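Quick notes on the structure that follows.
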């Protein structure tokens, strides 16, 4: 069945084919003329919006997409201008970016690092996107941030809360406006102390992946600094949907606070289980039992419904804030889509405007120029009050909100009430803080 | 040529031409035109076509020949990726050691899993492989990524950091995966009128490797070993009764297809130096089954076609959004335009799974032999029109059985 008649002619023929194949790649050594990746040459510029449209965070992703489209409208001078009117930097004219009309392409991250990178790559390689924005998970943010660094485009992170994004995985081409786990801990601790006292025993349930661990580490550190004791920390598999077996031991552990380091569907399920077990009606160590959810979002709150009443947590931003930037954004978002924006939508909206503004101020789309304009940029008027984009790790510093599930919501969007606005100074940290150490920004990469 | 009969040689030549000219074939529409949305000739997607082609070719050696349906092949792909990235971290960004190690590690891993799983056949074998793959996924996702022993970097994915040893990395070597100095990312763009074609170094590396392993798979299909595997598929019991021990053959097929998967994983990491745990998940294992069935199980070229088909949908259809639709149908009156967009909306963007599912159903119901059967029917129809008497099967895309 196998033929093994090797002829001289056959060898020559195959040799020639193989030789051509091997020589082919040398044509790639020619360098290209552009100064940086995807330099916009026409009358328009393309932004890439890479958000989860399917999978566990699809709701967040679709909300982000709405906000991004709104931002593009405002940049092109359509609609009511939104935060362009309240933003402290006046470089943006409403005529696109640097006179070029803003267009965009969208992609689905599926909340998977691989899929997110594939989608971002296709935006960069096929559609010529000059900036990638969006995402609702830290794993995806870190993966896409690495890709943008290699490809030489700017990454404006969406919702990503793990310390690593601007910690050990920070990159010169990546920027984060959202807050992080450390800030959640720092903002929550004083409120917890005031509400629950300094002698509490905490039990942690933590989603068993990168974000869960950094969150747990941050909350444990800040609550222990208060004088709390950590009874136990239990990791739960990310794919769990039923947490009863994890909740039952909490009752007998001697703990009087349950901290749920869960997000999205995980959090909705674990909180619901905890309420079903009647934890909130229990009295342990002579104190009322309490539940804390360090990272909240409006969409999770809506998912958990009644169960979140009275449960404390932290947020990056909330539509009920009363500053001018927030009011302008909520007004134009609400008029267009008929609902208030979530905090993931707000962070994406702000990131798009910040990127556009940095291009205007730098006078170029070159990622190195844009990065320089963003580094140590102080601004106001995009919500959250005065904000500082720190140059050392590309993390934004602004006020952090401590919120509580509303006891008497008046409408479907009024599920959370703001307990305290923790000032920026209280959540700042050193770029070399042990929870963030180990990474290197590296040099900005313009590609090409 | 190369020890193949005439039919297989022409098949190999067709595949070689298709892969080498892919930048032209996949970019049929001028840049900037409305149809440019359907162009697939950009480096990342072309790389994916051939890499998943390799994966599916390897899977077909096991499933197509022996009939053993493995639901855990993504585990080998993932293991290959992780080994390749570790090579980048420890040695250098040169892709050769990375790809070599990924094949070796995947081979060893599949030997272990195959040895255990092949004690059973049929559905039990499928479930065993599925269980192993999910175990590997769980290990990669959380167990092996704890701060004390971080082998996989969990959800974030393993990537190369500036402070990694990279002991063989030269001072002037590019700081990204390269082949002896030629970066995998290097792309030469040729502009011809309104068209633009991308020639990417990484793609051509993958393409050449795919042709090599495609050739290898033809040889396996046509060898006595391949015949033995087919015997396993048609009646394993009878084979055993004749005194033949079939397990070494099935194990060899399992390991070979595991090494193909490892190669695909290694190439994936070489094109994009990040290994995510999701590529080991059961959905990824299921995807390669779909690719093989969609293209045509047991045929030589079917799996490659299936891989291309699925990846095309995943990357092109998922990116069509309502704005694009509105721009296409802008010529219609407003009310009608909205109606058309409303009807199409569920099938594009995030709905690409739905479209793919419907197409998969149609293929399975009307073309049980996959896309290859579709191609054959078309060819037959054309032939019949030309010569009514000629009923002989037409050459190129003949199934192997």
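From the backbone N, Cα and C atoms, a Cβ is placed for every residue, glycine too.
According to TrEMBL, the feature transmembrane segment maps to B:12-29 (among others).
Same-chain neighbours of the transmembrane segment (B:49-71): 19, 22, 40, 77, 117-118, 121, 125-127, 129-130, 133, 203, 206-207, 209-210, 213-214, 217, 220-221, 226, 229-230, 232-233, 249-250, 253-254, 256-261, 263-264, 267-268, 271, 282, 285-286, 288-289, 291-292, 295, 297-299, 302-304, 306-308, 310-312, 400, counting only residues six or more beyond its ends whose CB sits under 8 Å from a CB of the stretch. The feature transmembrane segment is assigned by TrEMBL to B:49-71 (among others).
Look at TrEMBL and you will find B:91-116 (among others) tagged as transmembrane segment.
Taking Cβ pairs closer than 8 Å, the transmembrane segment (B:123-144) reaches residues 68-75, 78-79, 82, 113, 116-117, 150-152, 154-155, 277, 280-282, 285 in its own chain, all 6 or more past its ends. Among the features that TrEMBL reports, transmembrane segment is placed at B:123-144 (among others).
Marked as transmembrane segment by TrEMBL: B:201-221 (among others).
Per TrEMBL, transmembrane segment is recorded for B:248-268 (among others).
The transmembrane segment annotation in TrEMBL covers B:288-313 (among others). Proximity of distant same-chain residues to the transmembrane segment (B:288-313), defined by a Cβ-Cβ separation under 8 Å and at least 6 residues beyond the stretch ends, is recorded for 8, 11, 15, 40, 45, 48-49, 52-53, 55-57, 59-60, 63-65, 69, 71, 73-74, 210, 214, 217-218, 221, 261, 352, 355-356, 359-360, 363-364, 369-373, 397-401.
Residues or ranges marked as transmembrane segment by TrEMBL: B:325-348 (among others). Residues 34, 317-318, 354-355 of the same chain sit 6 or more residues outside the transmembrane segment (B:325-348) yet have a Cβ under 8 Å from a Cβ within it.
Within the chain, the transmembrane segment (B:354-375) has long-range Cβ neighbours (under 8 A, six or more residues past its boundaries) at 290, 293-297, 299, 301-302, 305-306, 309-310, 313-314, 317, 346-348, 397, 399. According to TrEMBL, the transmembrane segment annotation covers B:354-375 (among others).
Counting residues 6+ beyond its ends, the transmembrane segment (B:91-116) has Cβ neighbours under 8 Å at 72, 75-77, 79-81, 83-85, 128-129, 132, 160, 166-170, 173-180, 184, 205, 209, 250-251, 254-255, 257-259, 261-263, 265-267, 269-270, 273 in the same chain. Packing against the transmembrane segment (B:248-268) from elsewhere in the chain are residues 47, 51-52, 54-55, 57-63, 65-66, 68, 70, 73-74, 76-84, 98-107, 109-111, 113-115, 117-118, 205-206, 209, 213, 220, 225, 228-229, 232, 275, 279, 288: each is 6 or more residues past its ends and has a CB under 8 Å from a CB in it.
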